[in-house]
Amino acid sequence: MDNFLALTLSGTTPRVTQGKGAGFRWRWLGHGLLELTPDAPVDRALILSAGIHGNETAPVEMLDRLLSALFSGSLTLTWRVLVVLGNPQALAAGIRYCHSDMNRMFGGRWQSFAESDETRRARELELSLETFFSSGQARVRWHLDLHTAIRGSHHLRFGVLPQRDRPWETDFLAWLGAAGLEALVFHQAPGGTFTHFSSEHFGALSCTLELGKALPFGQNDLTQFNVTSQALSALLSGVETSTSSSPPLRYRVVSQITRHSDKFALYMDVQTLNFTVFAKGTLLAEEGDKRVTVTHDVEYVLFPNPSVACGLRAGLMLERLP
């Protein structure tokens, strides 16, 4: 199985759907779904996903390289792994999504969207995770969902962690720092993301890794993500990574800006970077007679997007944690 990405993009099913790798067994579970199981018993299970948005190609290329290293035998596998390329049709078309944003659909939220390939795919991925986690006895469950951002950022690499009722494990947060993440953003409310689904339903330690800016296939400079690729390689092979000398800055979400109608106006231009700072009282958005302003001394914006569909998030406002 040395052509997983090509088969996924072409919509082709391989003639052989299971086999042996270097110290592991593999199974093709469907387009964009590949299960890897070490020959030796392990108690760790990992979801490695990318391509939930079809225009975010750098993480897909990173996963393709990791798979090549595993199948060539240059990288040892010490986890049960489910590799997920989330939205094959959008990846093949080079667009963010074909109908609706899949990363708002998980946890059954796909039922509130008009039926489409993306709603069906979200349901398929939910079932795939359920099958994967229920078929093993993993003591440790991780989910790393790799993305790139639409906009540039004051932090080139950062992580977004779902709302969680229990404390985050220190080794997981330390690994995120070792993977080169410059900032971690902690959600305070449930959401429809893939990582919130895996965390809420299966107790996985989950993080959305934002790695640079969205570019087409072949135009990514993967060298700027070497530290992340090296950390992923070390993780898969069971090698402990050194702790980052500069731990990631930490932020938490304090409010969400939502577009409800065509009257919505977001007062941020296309040059506004993620983590741009705004002072207390700054007018951020208006919609009819509703005004959205900064309520803390300073707040930072994440994912500003004035052109989202009505009812969806147009931005998150953050505060820095000590």
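Glycine residues also receive a Cβ, built from the backbone N, Cα and C atoms like all the rest.
Among the candidates His99, His143, His147, the residue that Swiss-Prot annotates alongside His53, Glu56 as binding Zn(2+) is His147. Put simply, His147 (Zn(2+) binding site) is 5 Å from Glu210 (active site) when counted between their Cα atoms. Same-chain neighbours of the Zn(2+) site beyond His53, Glu56, His147, judged by a C-beta within 8 angstroms of the site's C-beta center, are, in sequence order, Ala50, Gly51, Ile52, Gly54, Asn55, Pro59, Arg96, Leu146, Thr148, Ala149, Ala214.
The DSSP secondary structure for Glu210 (active site) is strand.
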